[in-house]
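First, the structure itself, so that you have it in front of you.
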Amino acid sequence: WRAMGKLQSKISFHSTKYRAEGSVGQAGCSSTSQQHSPTHSDAVTSVAALQPDLCVSGGRDKSVAVSSWRSGAALRRFLGHEREVTKVTPALDSSRVFSASRDKTVMMWELHGASGPSQHFPGHELVVTGLAVSPDASQLCTGSRDNTVCKWDTETGECVGRTMISRNLVTHLCWVPGEPYVIQTSEDKTTRIWDSRELQVAHTFPAKQHIQTCCDVSQDGRYCLSSSQGGEATLWDLRQTRGRVCEYRGHRQGTTACVFLPRGPTLAPSIATSSSDSTVKLWHRDTAGRG
């Protein structure tokens, strides 16, 4: 928490450590967590919230699973990929789940449908590393290490747009709520805004010093967050200056993921970052980079 500077003296933080053997260590109290059978038979590579009590995950075992937060049980398991699942993301209405894989394909699954994929999206030449679904789930944008971003019709499975940019090895994609725009991070150290209607780059933020690993967009669509192998995360303004607002520094190794946290009525706007240094840090969105 030292990275939060002066903010630390104003806010009292309470931390909890969760250990794999099931014990929970916390200052001033003792408790135990529930243990459940593993959802996957190999490493979990991606996870996303599906509903308030459900999550979806993908793994090296080539499967996609829907599990309950409450019981820990796997409720549905989808099989169809030939290699490791790299990304999973649900549609906004949570009726569909999309998964990307090292087998160069993307699949769509119906939460209450058959166990097989309801749609198949082949066409990338290398591993698919980014997924973004439009708010009405009619369109899907995908990105890959083959330097391309593609747009798909989710009903027909047809590729309706494809753009290649040299050295644009996609690391993550996310859709801006209520807008036709998609945010993308890349190994070329940039964060781009795509206009999904023509699948053209609408804006490119200034290149950073290190590879950009992940991105997220605030629920109001005003801010974008990107994480970096340099150990920091960056907040960008999407609506006015489209410039850098602040940075969050404090991780000792690369920052692997970043997310805007839901804002409660009495909570300050916050974000979370995870890192290869084995930590997750919480930050005040507006002041952490200036502390």
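Each residue, glycine too, has its Cβ placed from N, Cα and C.
Relevant sequence annotations retrieved from TrEMBL are reproduced here:
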- 30-41: compositional bias 'Low complexity' (COMPBIAS)
- 24-44: region 'Disordered' (REGION)
- 78-111: repeat 'WD' (REPEAT)
- 121-162: repeat 'WD' (REPEAT)
- 170-204: repeat 'WD' (REPEAT)
- 248-283: repeat 'WD' (REPEAT)
Across the whole of the repeat 'WD' (248-283), what does the mean pLDDT come to? Round it, please.
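Summarising the repeat 'WD' (248-283) by its mean pLDDT gives 91.
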Would you list the DSSP helix, strand and coil counts for the residues of the repeat 'WD' (248-283)?
0 helix, 18 strand, 18 coil
Which residue counts does DSSP give the repeat 'WD' (170-204) for helix, strand and coil?
0 helix, 22 strand, 13 coil
